[in-house]
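Participant: I have a structure I would like to understand better, so I am pasting it below and will then ask my questions one at a time.
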């Protein structure tokens with residue numbers, strides 16, 4: 001299940017060495033990778049060094065695309081083909097190390113704004129869509145021509161939504177077309193009126209309309225995962241969509257449709273269980289999963305305030321890629337919260353190889369903030385920026401004297417009554433002075449020290465003062481297969 005965060009470690013060992021072959025025929029490169037638009041982007045900026053970020057599955061075309069762009073723009077192209085948490089986020093750090101003045105991101109993207117103001121453009125690598133088959137599938141799933149429906153798609157199929165809507169509008173009166181929410185260029189003005197942005201998409205809602213009034217028709221399907229429940233783009237849509245509205249998906253190649261109601265129910269049940277685990281937890285580990293997405297520092301501070309307000313202890317862990325072996329070194333942590341981009345925030349299933357569950361920031365918000373979710377909002381947002389002040393979905397913590405904190409709460413897992421959180425001042429460092437001793441020593445009680453003393457193994461024993469002091473002597477010389485003090489036989 002760790003593959004949810006990045007490519008499995010075994011993939012590097014199983015991959016055959018050598019230059020990968022060309023995946024896209026040369027005549028189709030311009031169309032698939034939108035090279036004319038990309039070349040115009042580079043020329044308009046006047047960049048001399050540009051970073052081209054490719055996912056693993058598209059590296060076979062990287063050399064041909066870079067050569068074509070160098071020929072048409074005269075700029076130097078650098079290929080970025082390795083990222084720590086998959087390739088959906090813009091690798092700003094890698095681009096800066098190459099001295100690039102702009103980044104061109106190819107392939108699936110979470111469309112999260114980068115943490116640093118570097119010019120970025122996205123190429124979603126268009127996937128062919130059988131429009132006639134999709135029209136028949138839409139008509140079969142939506143017999144009522146007056147029902148409000150939103151057209152959604154995976155990023156690679158977004159180019160075909162307007163054409164699909166053109167074929168459907170003569171019959172369907174209330175049709176809304178979504179579009180990818182590309183980050184606005186630095187210094188540009190927001191359009192007026194500003195469309196609603198949710199799930200990495202923009203929705204041009206009419207005045208007085210709400211997204212919760214619409215059903216959904218999704219065109220696309222993940223080719224990377226054999227389990228559709230682990231498709232992060234579709235999963236975040238199913239989790240955040242209004243539970244009472246229909247949601248169906250359609251394969252862009254065959255037109256095969258599926259009602260996603262049952263899958264959405266399974267996903268919501270799984271996430272509600274994780275929220276209950278977070279409410280029962282006393283120690284929370286905050287995993288820093290991204291440094292290249294905007295507002296990650298503010299989100300980390302927000303999560304720490306949440307845990308403190310709920311009477312929980314939190315630890316910030318920067319471990320690189322989360323793996324079961326790394327997280328097993330922290331048995332005192334009850335749950336982990338992964339601070340990552342919207343696609344990486346969906347944690348793997350609890351039945352996987354991780355010893356403790358891994359949550360999304362929204363699930364910690366639901367567990368620690370008694371005022372969450374706001375009325376009329378589906379209780380799951382995958383982007384941590386939606387939880388911060390300034391977002392229309394931000395819900396401030398109730399004051400300490402609010403009755404919301406005193407509401408009786410029973411754990412649905414253990415059946416025990418949860419005590420209300422004990423409020424502490426911000427100057428409290430987690431230890432409580434008990435009694436001053438006559439020798440002017442101070443006895444303290446620390447939860448961390450109490451847990452350490454109860455562990456059967458507490459680490460390497462220093463044994464200070466119990467081992468004799470010896471003089472330094474010469475060690476072995478040579479290499480492991482032939483030390484000088486060993487025979488040559």
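Placed from the backbone N, Cα and C atoms, the Cβ positions cover glycine too.
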Participant: The [4Fe-4S] cluster site in Swiss-Prot includes 89, 110. Which of 250, 251, 341 is also listed there?
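Facilitator: So, going by the record in Swiss-Prot, that would be 341.
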Participant: Reduce the DSSP letter at residue 89 ([4Fe-4S] cluster binding site) to three states and note it down.
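Facilitator: Assignment for residue 89 ([4Fe-4S] cluster binding site) reads coil.
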Participant: In the structure shown, which of the modified residues 456, 467 has the fewest other Cβ atoms within 10 Å?
Facilitator: 456
Participant: If I take the alpha carbons of residue 110 ([4Fe-4S] cluster binding site) and residue 456 (phosphoserine), what is the distance between them in whole Å?
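Facilitator: Counting only the Cα atoms, the answer is 44 Å.
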